[in-house]
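Below is one structure, written out as structure tokens, with a few remarks after it.
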Amino acid sequence: MDLDTKEIIKNMDLKFRNIDGKKLLLAISTDKDRNILMTAFMNEESLEKSIETGFMHYYSTSRNKLWRKGEESGNVQKIIDVFRDCDGDALLFTVEQTGWACHEGYMSCFHNKIDLNTGKFTVVGNKLD
């Protein structure tokens, strides 16, 4: 017997943190080779939508709303696996990425390498077409 989404989330024993007055947790998405694609926040509703649809949904703290990854660009993230960290306040999602993950056109949002001697950064990733 399959459980409903709320019961699944309850069984995950997550610790949503109070961030800007919202109950959120960190979501990290990687490809199947564990290359980090992006990080974002999730609230309970975005986690529910992700579980129900099989595609990543996040909570935007700047826009104060739920969003489905790729809703405008078509660059969706299909969920393959999910892992809970030891504290229960972060989730790691393995996803099948369509197109690029970064809104700037890079596969990963982590394409700026920082020089710790100067604090300046250099773009190390290539933009995708």
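Cβ coordinates come from backbone N, Cα and C, glycine included.
The shown structure was predicted, so the numbers you read here are calculated from the model rather than taken from an experiment.
Annotation source Swiss-Prot lists Mg(2+) binding site at Asp85, Asp87, Asp89, citing sequence analysis. A sphere of 10 angstroms centred on the C-beta of Asp87 (Mg(2+) binding site) encloses 10 other C-beta atoms. DSSP gives Asp87 (Mg(2+) binding site) a coil state; it is part of no helix or strand.
If you look up Swiss-Prot, you'll see Cys86, Cys102, Cys109 marked as Zn(2+) binding site. Counted within 10 Å of its Cβ, the other Cβ atoms near Cys86 (Zn(2+) binding site) come to 6, all protein chains included.
Around the Cβ of Cys102 (Zn(2+) binding site), 17 further Cβ atoms fall within 10 Å across all displayed protein chains. Take the CB of Cys109 (Zn(2+) binding site) and look out to 10 A: across all protein chains shown you find 18 other CB atoms. Secondary structure from DSSP puts Cys102 (Zn(2+) binding site) in coil.
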